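Notes to accompany the following structure.
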Amino acid sequence: MSEKRRYFGTDGVRGKVGQYPITPDFVLKLGWAAGRVLAKQGTKKVIIGKDTRISGYMLESALEAGLAAAGLQATFTGPMPTPAVAYLTQTFRAEAGIVISASHNPYYDNGIKFFSSEGTKLSDEIELAIEAELDKDIECVESSELGKAVRLNDAAGRYIEFCKSTFPHKMTLAGMKIVVDCAHGATYHIAPAVFKELGAEVVAIGVEPNGTNINHEVGATDVRALQAKVVEEKAALGLGFDGDGDRIIMVDELGNKVDGDQIAYIIARDALRRGELKGGVVGTLMTNLGMENGLKQLGIPFVRAAVGDRYVMEQLLAKGWKIGAENSGHVILLDKVTTGDAIVAALQVLASVVDSEMTLNELSQGMTLYPQVLENVRFSGDSNPLEAEAVKAAVIEVETELGEKGRVLLRKSGTEPLLRVMVEGEDAELVQSSALKIADAVKANC
């Protein structure tokens, strides 16, 4: 739709806790507004999960109050990965799923994102309808119609069994040592159990959430601890999840990082080998040229979507394809799940490792990653770095120097005043200096 959303960003409503809109009063009203819209859809039942941020308790209570005022029943799962909430929303035939999380962001941020009854992101139409309700004063339903809350005590067990069901039944992980880094986030009590029950020897780190340590120097956004542990333990590989369990970054037996592009490449190549690949692969504007070239050599079609898993999903649905990914670790496998699921994606790579009797490092060799540098540059909230003449001039200079063997991409964050500067090319030193040149232009002028 052409109408602009005021509160919903690319991944729900997100911000710093205690600052609008992530305040108890706004979240209560958001719960009521969502409840008003969803109550018209059908069952009046909503699944609510969260990650391990301390603010999750406060926001959970506010959401529940708002939903109850609109006459909806809330079912709490406790700390649960985002894809688990999508799965449970489907299996419980709920009208919607709600996740309280800011994904890979620091603990002092939080957010609210919604899933439809099919376990997919809400449509623009529904989000706009919720925003329209936010402009109204809260009106409670009749006392006899108020919603109530219940707790789902076996949510973790249900999701663990689902994850295991996506791994080939005749395979086992016996004899494989795996380091699992849960980022002190929502997978902390899920991921180790999944891999352990499939037979692996699991060394778990990032599994001691205290409310403020989520994503701090651990997990998919900072794999240094995971790399060190894999080498120290002489493990077969490492799995790094982000705070809400929808991103996966892997580490091979040598301690090398294996990102979302490489993970999708391995999964697609394996599906092609088995004759089960349906169509091609959807990446994003950030996808490494090496992945595109590697897939091309295999004869696998590839297209780029705008950055963001919702846009990858749009392309997948439009083309009828099943595999999509972002290099940040969102991997969507529509033949198994309805949204990015880090544990399920990891299991598909592990199946390839077991079946091929190759190491993760060997499986990653099929594609050559171009050196790629990403600089995150903060700017003044009221400026637009994409329109700054000095920034434009720096980009032109860099593009001229890189020629046809590289590319530049500037992208504003959908959730904060941050410009992502990506430079890619064959020469690592040139790529690094080029990214810094553009970043410096942003800092000096915006």
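Residue numbering: from 1, along the chain as shown.
From the backbone N, Cα and C atoms, a Cβ is placed for every residue, glycine too.
In Swiss-Prot this protein carries:
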- Ser103: phosphoserine (MOD_RES)
- Ser103, Asp242, Asp244, Asp246: Mg(2+) binding site (BINDING)
- Ser103: active site, phosphoserine intermediate (ACT_SITE)
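Sequence features annotated in Swiss-Prot and their locations in the structure.
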{"residue": "Ser103", "record": "phosphoserine", "Cβ within 10 Å": "28"}
{"residue": "Asp242", "record": "Mg(2+) binding site", "Cβ within 10 Å": "33"}
{"residue": "Asp244", "record": "Mg(2+) binding site", "Cβ within 10 Å": "35"}
{"residue": "Asp246", "record": "Mg(2+) binding site", "Cβ within 10 Å": "31"}
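The record gives Ser103, Asp242, Asp244, Asp246 for Mg(2+). Within 8 Å of the mean position of their Cβ atoms, the other Cβ atoms in that chain belong to Asp51, Pro81, Thr82, Ser101, His104, Gly185, Ala186, Ala220, Phe241, Gly243, Gly245, Arg247, Ala342.
Each residue contributes its Cα atom, and for the residue listed as 'phosphoserine' and Asp244 (Mg(2+) binding site) these two points are 5 Å apart. Following the DSSP three-state reduction, the secondary structure of Asp242 (Mg(2+) binding site) is coil.
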